[in-house]
Structures are given as structure tokens and as C-alpha cells.
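Okay, so here's the structure we're looking at.
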Amino acid sequence: MTSLTQRSSGLVQRRTEASRNAADKERAAGGGGGNGEDEAQSRRDEQDDDDKGDSKETRLTLMEEVLLLGLKDREGYTSFWNDCISSGLRGCMLIELALRGRLQLEACGMRRKSLLTRKVICKSDAPTGDVLLDEALKHVKETQPPETVQNWIELLSGETWNPLKLHYQLRNVRERLAKNLVEKGVLTTEKQNFLLFDMTTHPLTNNNIKQRLIKKVQEAVLDKWVNDPHRMDKRLLALIYLAHASDVLENAFAPLLDEQYDLATKRVRQLLDLDPEVECLKANTNEVLWAVVAAFTK
């Protein structure tokens, strides 16, 4: 499996008095733990998006962001030579579901199982409103015995020699994600002729959204670099790692000056060199996120 990178961001979090009181009550009750913190973080992230003025129509999933970074603006398709994006998008789905409180890893137990040997468990089967995510969630929920993160990335990509497991493959993922972006007004749909066949393409129609995405990635490793993945927004951290795993992160760095480019790639390397097994033990982490990182960087 290909190597994968980082995701970082210094997202300013605003807490209201009510949310602080709720958090205090949760701690006083002794419940919630890391999972409660993840759900609270997800709610705060959504509030931050609202504060920034992003409408629901332009709020993108991790999969859509990675695909958008990989799409050629005018041509409307990803590079024919990119054989990494398929597995990268499946990793995005697992992290997206985890950040939304749908998936978690089984307990590590007394023997301290590694991230790559721990199984993925369905925490909640509540619909997400995204067809691809719900399809992946259904597979995880109904599969017994459970599978590991690495196995799920392979199964959802169709990379298995077991014919009995081919039904796990999510088909036409890039095309379905592109159609989502068309509905959100980011892309459009065209037909292009390639010698012997016609191909549906999705050229960029709203450059502002893509430029905001590129700027967000650049700032995460330049102006807003915090030198600590646990101080970064989890969603942005995951975006950096999975954009690298999907071989599309370079597209975000292409406009940078040489000095900025060198600094950005150096900081990405710092993230890639982190040990997921160590990072997942720290406070307020998402274990599925680090398990996906481990699967791509092992």
C-alpha cells in the first residue's frame, strides 16, 4: 500500500458558555471519554464552518476534498497514472465515519494490540445522509467477524483474491463523488471523445472553493503550522495524510515558491515520520484516524 501523509490545521475553536457547562457536567458524570470528546469536537467543527459562512451545499467530505485536489481543473478527471487515489478514498471514508461517531476500534486489551491488528467496530448505524458513507457503514456493521482497518481499505477497493468478498467493493466511487461535487456547484459534467470512446468528465466550475481548499492545506503546514498534530483540527490533519496517500498533495503545493515548497514538504515529512502507535495513546485522539495513517505508512 502506498505511503501516506499528514493533515494539520490551526482551527480556532469557539466554545459558548453552554458548551463549557455541558462539558463540565460530562466530566463530572465520569462518562464520555475519548468518544464523547470526538463527538463534541465534531459539533464544534460544524459550528466553526457555520461561523466561516460556509453553506451546507459547499461543505465537503474528506473524500470530496481529496478528489477535488486530484482533479485536473479543465480536463475534469484525475491522472491516468495515479494508482493510489482509489485506496486513499477508502481510507477517507473510514476516517469520515469515525469523525462522525459511526466507527471505532475495538479495545486494545491488556496485551496492547497494535492499531493494525485491532478490528473496526460499528459504534452507531445512524444514517449519515451520504450514500457512499452509509454503504460502507452497512458493510462494517454486517460483517462478522469484524475486519481491521487495512483489510477494510482493501475490501472496499476490491483488492482481494477472495471471490466471496468481492461484494464489499464500492464501485464507481470517483464518478459518484464527482456527481456530488456537481450537485454542490463545484464541478460540471461534460463528454469528451478519446479516440475510440467517449468519457464523462467533470471540469471545475467553481474555482473559489478549490482555491480555498488549497489555501487551507498550504496554511496548515506554513503560516498556521503548530508543530503538534494534536493541536491541529482532526479533519485537516486527516486531509493532509490522505491527500499524500492518494498522491494528490503535490497539487496543493505546486503554486508555492521554492522556499515555501521546501518548508511545506519538510513539515509533511515530520508528520509522516510520527509513530501512529505512540500518537494514538495521547489525549483527545481518534484511533481510527491513526490506524488509517498506520495502514498507509507501514
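Each residue, glycine too, has its Cβ placed from N, Cα and C.
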Region 'Beta-hairpin required for oligomerization' range according to Swiss-Prot, out of 82-93, 166-177, 178-189, 190-201: 190-201
For the disulfide-bonded residues Cys84, Cys108, the one whose C-beta sees the most other C-beta atoms within 10 angstroms: Cys84
For the region 'Beta-hairpin required for oligomerization' (190-201), distant same-chain residues with Cβ under 8 A (at least six beyond the ends): 75-77, 175
